[in-house]
């Protein structure tokens, strides 16, 4: 399953970019990152067999194990692409939220989009390592 990060804003070079690169290098699943301008630009069209997750402070809070189980179930169910969308400062429109398969949050706090991207990269590494049985995540699997 392709893990596709679609993010508003350019990450450039900096500590957040280094974290994203470090964690995404560890992920063995197919992956893609699409950067869009802060305003305008078109989100790439979703292909058949894809799922879209929006990262939003008002979304569902999932544990790392729940996130891993979601990805594993989608992969095993034939989902070809999981799209993770990180919005700009104003978040997502009601239509975008309505069209998403899932809206999740990394806690109740508001995070800058560059930090959210780094946190997503770490959670993708953690989830795929849990699925692979790698000892990175110390909590037992459900």
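Placed from the backbone N, Cα and C atoms, the Cβ positions cover glycine too.
What Swiss-Prot records for 55, 87 is S-adenosyl-L-methionine binding site, and it gives sequence analysis as the kind of evidence.
Sequence-distant contacts of residue 87 (S-adenosyl-L-methionine binding site), defined as residues of its own chain at least six apart whose C-beta falls under 8 angstroms from its C-beta, comprise 8, 54, 55, 56, 96, 113. DSSP assigns residue 87 (S-adenosyl-L-methionine binding site) to coil in the three-state reduction, outside any helix or strand.
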